[in-house]
Amino acid sequence: MENLPPNRGMWNQEYSHGRISQSFRSAKPLLDRKRPIENAPNSSNPLPQRMKESMDTESVSHNINFNSTPLMELSANTPYKRLKPEIESYADGHPCGLRTPPPRFDLDKEIINGFQTDIYADVGSLSEAFVTPLKEPERVTLSNGCSTSSILDDDFDDSILEEIDLICEQSARKAACQTPTTSIYQTPSKDNKSSDPKASLDFRDVEKFEPDSNVKLKLDEETPTIAADPALLNSMPDECSKYMLSLNDRQRDAACSNISTPLMVIAGPGSGKTSTMVGRVLVLLNEGLLPSNILAMTFTKAATSEMRERIGKSAGKKAAKDITISTFHSFSLQLCRMHADKLQRTSEFSVYGHGQQRRAIIEAVRLYEEEKKNGSKTSVPCESGEGLNGAGAGAVCPEYAKDLSKKWQKFVTQGKASGKSPEQCRKMGNEIGAKILGNYNDILKACDALDYHDLISCSVTLLSDFPEVFKECQDTWKAIIVDEFQDTSTMQYKLLRMLGSHNHITIVGDDDQSIFGFNGADSSGFDSFRRDFPNYKEVRLIKNYRSSRHIVEAASSIIKNNTKRCQSKSISSENSQGSKITVKECHNEEAQCAYVIDKIIEITNDGSTPCCSHGDIAILYRRQVSGKVFQNAFRQRKIPFNVHGVAFYRKKVVQVILAMLKTTFSECDDASYRRVFKALLPFEKEEKKRIIEHIEKISTSRKCSFISAASDIFNAKISGTFKRSQLTQGRKVLQTLDMVAKLVDREQSLSAVVTCVANMIPQKYLLEQRAVVDNDGGKLLNEDNDLRSVLQYLMDDVAEFISTHCTTTEEEDAIKEKKGCNQLHSFINYISERETENFRSRRRDNENSVTLTTIHQSKGLEWDIVFIVKANENEIPLLHESNGNASESGTSLEEERRLLYVAMTRARKKLFFLYVTVDSNWQVLQPSRFLKEIPGHLLQGDMSVNDCRKVHENLPNKTEQSVSSFGTDIKHEESKLTDNDVMNIPEDYASEESIAAYALNGNNFLKRFDVEVRSVVSHLFHNWAKKQAFQEPKRLIDKVRFVIGERLAIKKNKHKDVLRALKSSLTSEEAFQYAEHVLRWEQLPADTRAHIVREKQEHFQKLRIENSMGTSEATSKQIAFLHSLGCTVVPTSRLHASRLIEQYKSL
């Protein structure tokens, strides 16, 4: 890089003597052993030029694969008396500058033996060489300033140098074998002479090799003293220098590191990583880099906004605006659009989100099933839609294809994230996976689309296969900074490795906070970085400024149980100890919710302490479904709250608006037209489904688009399939789409277009949304039951897009007048990219409301008080849906532990753990296994750590152990479909249908049998579960199988059919889960079982009453009372009338 300053940390080879081996950097220290190290303090003559140059160099960054280590093994303090006296006599007798033949001299054998002894000595004994002072007063100095270095360099015996070269190389290899790990806090490993002629050893080296065991430096626990470079700070503007001084020593050391050295910053939770990255940017700007040459990459829009804002405060808004701060996908999208022709796409290609990707996978599975059945290759349709119900589906059942697609979606996501191709899958022996992945890629290519993983992989392809693109990126991005490095996938790391091939790269992350493995994140990227950038420097930020000491200690106690992490890390906190961690046992989810509400009211109304607002409180849960009970309860108790977990742009009403806008694009896919017809046709759900299926069938048979088939069908005067009213309503939908197209062509204002299209939603949509508006202050800020807030929310995004992405010139304004709303396409792409974002950068609406969110979505946020609810074994860790286990040594369980670590470190002052004993299905639950990993002196509450450990010990066996022994009889088709043994899928993105698959619901096994005979099955299990000999699920099932065999041998048995069916199903997964459920139930106290039974009876009695009221008409008294309350809604049933009365009475 021409515009970068010279690397002050590397050796200047121009002044190296030609006769000294370049691979051996110890020649200079060896010469220092043969001559006085420095001039006398009273010498007035300057040092020779060569010696000054060698001493002006700074330390180089740590290199794992160094070739020599003598600087740390050879003493620079050899007494002068061990050298031949000819040196002194020669130096005294010849003035500087006189060219006379130098005297010959040899090293004593004692010296050479001393070298060899020092080289092969133990590291502990080596440090003794540094006990002696660096300067010895009895040494002879060169009062005449003669160039000793030149004299010795010219006549040093080359054979001795070669011999010592060989010895030191052997020593380096031996040291590398004995100490494979690198220093936690990187220090120079080569000659580290200071630029000050009076200093011969860097201060940090002296401190590192201090022989006194009582003052050993513990780099994980103590922060090294790193003074700010005065020259660097003086060269910065005042605001920048003040910002650099505000950093702690480790942060400043990371920010001020040599910009030509790859830098790895391991930043623990709350350690100020954003401040460090901003400081790094300021240093890059101060070193002469242009803002446009700096690329900062992260994962969320909120993080990019925060970083840009902080840089703007110190470096100025103009510099902050010119720096490219982008998410991975936004950067890759821009790169792919610039070179779309090289990817066989148009520049207007579509970006498929989660829903469109799922439909494309469904279609890929359908094509594979057809090919397998027909034995021939089926042509790929030019659409990605839900084409399972059309004529092309043949005999493939839509439900079957959709079920398979759920499994294959994990495979495709993991494969795409790791850059796996169909050919690689085929080489691995996964022929089915190769075909489905190939079908999926063909569908995206035919639809001129890419998914989010394709954006990354295609960017890597552009950089690797097209040298001109690589050179363009190298010339543009001369320094790279990466945030949240632990969340990068394999392909994202490849992208970073190519962009940072010039070594000007800084990564910031924490392997203990890697929680997105389900989305392809690979925490081993740190090891890859160490391998690919061997001369890297590593700095660890270990001081937590966020949480109290009790919280930090508890979180550290949990995460240290992970084996696949750097065990030498130790996070500390200088905050107060704070309150102990509260662990509360609750009977069920309603009791848990009531406890949380009482605590919130107590905290916010406590007059004895500074009042805590609702905005300082958060409730974290593992699965989205766990937050619904809190939403309803908070509304009733008028507690303001907001839900981060609801994805705004996945709401149906918003998706309909976006689909109507997409129909104005020439590359609009059929899925958008389907959504519009489904929303605008004023028919019942089944009738609309039949109409859309018929249109799909016609479009497939004619091999035309969905809208073309719909136009032909509804523009016909008569139809043999549809009624006249259906044709009329279909024409109205087509007219509406035509109106939208004309509006976009005519109207220039993006806000006006979006508002008009939103108002085209049918009137019943507006009425339904307004009917359930909650006016008591406890509304959901992101809910789609308030259309006005949804529209305002959407318009706020339009305004933000215009202000940040639309800076037009006069020429562009002239083009805009001719083309109408040319910003619409960019806005839709902007929204599509944000579909996967979980948090808004704008939080002003949520400042005084309790936050309800999943643990995954809480990443990067913090609150004073945090409640982690439903901390049960089947929630945290969330057991795998296929076999209900989580291996202790597997990546799944370690990621679940990291997930809890992230949740705990969101809290500043107070942390609550809550777990339930019975779930909504009356299944007995156990507390999370992670709770027993917290030291008992940090806990307070109903359950101590010993109680938690006792609960786990009383269980029959750990789930993973039992399943592993029972797994020989249980075969899961899903394990054959995926390459990964365990895939951790967060419930944040799971559908409602898949929720039950994750929970250990024992009653699913009973549903295999008729209601009349379930008691036989239940009695058989419960009877033998009471026996002490059958307290393990596998032994209980074996006993039940044996008893069934005996009973079948009895001729007069009445339930032989039931017993045969039961015996054949005992090898299933659900049988094992039911056995666990029965064992847990029998271990409960008798009074607890009686209480649960009464609750069940009351619940089912209430359901029977509601079902009865729901099928009967409202009474005249109910209708009259509703009229007296001012209600104009006609109740559809007695139950509906009862609820309307309650609602209007509350008003």
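Yeah, the Cβs are placed from backbone N, Cα and C, and that goes for glycine too.
As written in Swiss-Prot, here are the features:
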REGION    1-56  region 'Disordered'
COMPBIAS  13-25  compositional bias 'Polar residues'
REGION    179-202  region 'Disordered'
COMPBIAS  179-189  compositional bias 'Polar residues'
COMPBIAS  190-202  compositional bias 'Basic and acidic residues'
DOMAIN    246-548  domain 'UvrD-like helicase ATP-binding'
BINDING   Ala267, Gly268, Pro269, Gly270, Ser271, Gly272, Lys273, Thr274  ATP binding site
DOMAIN    549-860  domain 'UvrD-like helicase C-terminal'
>> Restricting to the chain of Lys273 (ATP binding site) and a gap of 6 or more, list residues whose Cβ falls under 8 Å of its Cβ, or answer none.
In response: Val265, Ala267, Asp483, Val508, Leu541
> Relative to the Cβ position of Gly268 (ATP binding site), how many further Cβ atoms are located within 10 Å?
Replying inline: 26
> Under a three-state reduction of DSSP output, how is Lys273 (ATP binding site) classified: helix, strand, or coil?
Replying inline: helix
>> Among the binding-site residues Ser271, Thr274, which residue has the fewest other Cβ atoms within 10 Å of its own Cβ?
In response: Thr274
> Hey, what's the Cβ neighbour count for Pro269 (ATP binding site) at 10 Å?
Replying inline: 25
>> For the ATP site (Ala267, Gly268, Pro269, Gly270, Ser271, Gly272, Lys273, Thr274), what does the 8 A shell look like? I mean other same-chain residues with CB within 8 A of the CB centroid.
In response: Thr276, Asp510, Leu541, Asn544, Tyr545, Arg546
>> Restricting to the chain of Gly270 (ATP binding site) and a gap of 6 or more, list residues whose Cβ falls under 8 Å of its Cβ, or answer none.
In response: Asn544, Tyr545, Arg546, Ser547, Glu862, Thr905
>> As a test of the contact definition, list every same-chain residue at least 6 positions from Gly272 (ATP binding site) whose Cβ is closer than 8 Å to its Cβ.
In response: Leu247, Asn248, Gln251, Leu541, Lys543, Tyr545
